[in-house]
Amino acid sequence: MPAEGIPQINLDPGAAEGLRVAVISAQWNAEITDKLHAEAIGAARELGASVEDWRVAGALELPVVVAAACKNFDAVIATGCVIEGETEHFRVVCDAVTYGLTRVSLDTGVPIGNGVLTVANHQQAVDRAGGPEAKENKGADSATAAIHAALVLRQIAAVG
């Protein structure tokens, strides 16, 4: 069940027919990121998108690889999981990744689904990673949001 206030984007199966989508995921916290990765791919394919996927070492590598993918894809989904520890490294990584992904999207005009979890503990990540035990599915949610944005951009381009 989605949390209160989260928008429900309802796209019909096949709505993304003809879209090329990349899913790029960090490998840190693999128990979580493997689920996010699979859920993002599944959601994009269910919507009819053509999907390619890659893995990178960690969340800090996502922005540069996503930037490269933006040259060849209509939408890109980035997933990862950063769990707070005892140092400021958590905040540095979270801020850098969020800024980097946003900057890439603005610079390229390609929608990027930010499925990078930034959580206080492992249970919060499990609760958001998708699957039967999860409360939310941020992999699928980020894919749907990026694809929806790509479709809106196509509609805007068609008007002009």
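Here the Cβ of each residue, glycine as well, is placed from N, Cα and C on the backbone.
Quick look at what Swiss-Prot annotates:
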type: ACT_SITE; residues: HIS89; note: active site, proton donor
type: BINDING; residues: TRP28, ALA59, LEU60, GLU61, CYS81, VAL82, ILE83, ASN114; note: 5-amino-6-(D-ribitylamino)uracil binding site
type: BINDING; residues: GLU86, THR87, ARG128; note: (2S)-2-hydroxy-3-oxobutyl phosphate binding site
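Features as recorded by Swiss-Prot, highlighted on the structure.
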{"residue": "TRP28", "record": "5-amino-6-(D-ribitylamino)uracil binding site", "Cβ within 10 Å": "18"}
{"residue": "ALA59", "record": "5-amino-6-(D-ribitylamino)uracil binding site", "Cβ within 10 Å": "28"}
{"residue": "LEU60", "record": "5-amino-6-(D-ribitylamino)uracil binding site", "Cβ within 10 Å": "17"}
{"residue": "GLU61", "record": "5-amino-6-(D-ribitylamino)uracil binding site", "Cβ within 10 Å": "18"}
{"residue": "CYS81", "record": "5-amino-6-(D-ribitylamino)uracil binding site", "Cβ within 10 Å": "30"}
{"residue": "ILE83", "record": "5-amino-6-(D-ribitylamino)uracil binding site", "Cβ within 10 Å": "17"}
{"residue": "GLU86", "record": "(2S)-2-hydroxy-3-oxobutyl phosphate binding site", "Cβ within 10 Å": "6"}
{"residue": "THR87", "record": "(2S)-2-hydroxy-3-oxobutyl phosphate binding site", "Cβ within 10 Å": "8"}
{"residue": "HIS89", "record": "active site, proton donor", "Cβ within 10 Å": "11"}
{"residue": "ASN114", "record": "5-amino-6-(D-ribitylamino)uracil binding site", "Cβ within 10 Å": "23"}
Residue from GLU61, CYS81, VAL82, ASN114 whose C-alpha is spatially nearest that of ARG128 ((2S)-2-hydroxy-3-oxobutyl phosphate binding site), among the binding-site residues: CYS81
Among the (2S)-2-hydroxy-3-oxobutyl phosphate-binding set GLU86, THR87, ARG128, as the record gives it, the longest Cα-Cα distance in Å: 23
When distances run from the Cα of LEU60 (5-amino-6-(D-ribitylamino)uracil binding site) to each of the recorded positions GLU86, THR87, HIS89, the nearest one: HIS89
Distance, HIS89 (active site, proton donor) to VAL82 (5-amino-6-(D-ribitylamino)uracil binding site) (CA atoms, angstrom): 10
Using Cα positions only, nearest of the recorded positions to ALA59 (5-amino-6-(D-ribitylamino)uracil binding site) (GLU86, THR87, HIS89): HIS89
Alpha-carbon spacing, GLU61 (5-amino-6-(D-ribitylamino)uracil binding site) to HIS89 (active site, proton donor), which is rounded to whole Å: 15
